[in-house]
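Per Swiss-Prot, the features are:
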DISULFID  39-86  disulfide bond
DISULFID  136-145  disulfide bond
């Protein structure tokens, strides 16, 4: 089945979407500096429910018009404002291992990035188009895929995206209206 946005339209291959939580208490997905990072290299969920986050380009290497559940995907932030020091950082998402919070979703150049891809899977069969993000390692059978969930930083409450054994982050997709930016 095609992955549908919050208006019921299939996601376009290469389209730009806000990735929003199904729980309105939190905002969308964006990049932020965590730990001792000087640039926003960590993919996080905004704690401001009015913040839709950064538009994310969702693309599949397959020559298809629309994204279907289970397609291998690349996720990449559309351009966003950063301080001069951080201009030019690659914005494609990757999963980096050996971090205190576990395998975490990052952007930028990461020599510890795991070879793999993301995919989108539906979480419920109701009228709400609720999905989860999944990360699969390159050699993956299905059991080598992990749901993308949230790890909450005990120091400052930052909500980092991580490959999780616990509850997946349930999301919806909202098409970025380029005209309104």
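Cβ atoms are placed via backbone N, Cα and C, with glycine included.
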So, in DSSP terms, is residue 39 (disulfide bond) helix, strand, or coil?
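DSSP assigns residue 39 (disulfide bond) to coil.
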Ranked by the number of other Cβ atoms within 10 Å of their own Cβ, which of the disulfide-bonded residues 39, 86, 136, 145 ranks first?
136
Going by DSSP, is residue 136 (disulfide bond) part of a helix, a strand, or coil?
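Residue 136 (disulfide bond) sits in a strand per DSSP.
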Could you state the whole-number distance in Å separating the C-alpha atoms of residue 136 (disulfide bond) and residue 39 (disulfide bond)?
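Checking the Cα atoms of residue 136 (disulfide bond) and residue 39 (disulfide bond) gives a distance of 26 Å.
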Report, in whole Å, the straight Cα-to-Cα distance of residue 39 (disulfide bond) from residue 145 (disulfide bond).
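So the alpha carbons of residue 145 (disulfide bond) and residue 39 (disulfide bond) sit roughly 28 Å from each other.
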Once the DSSP letters are reduced so that anything not helix or strand counts as coil, what is residue 145 (disulfide bond)?
strand
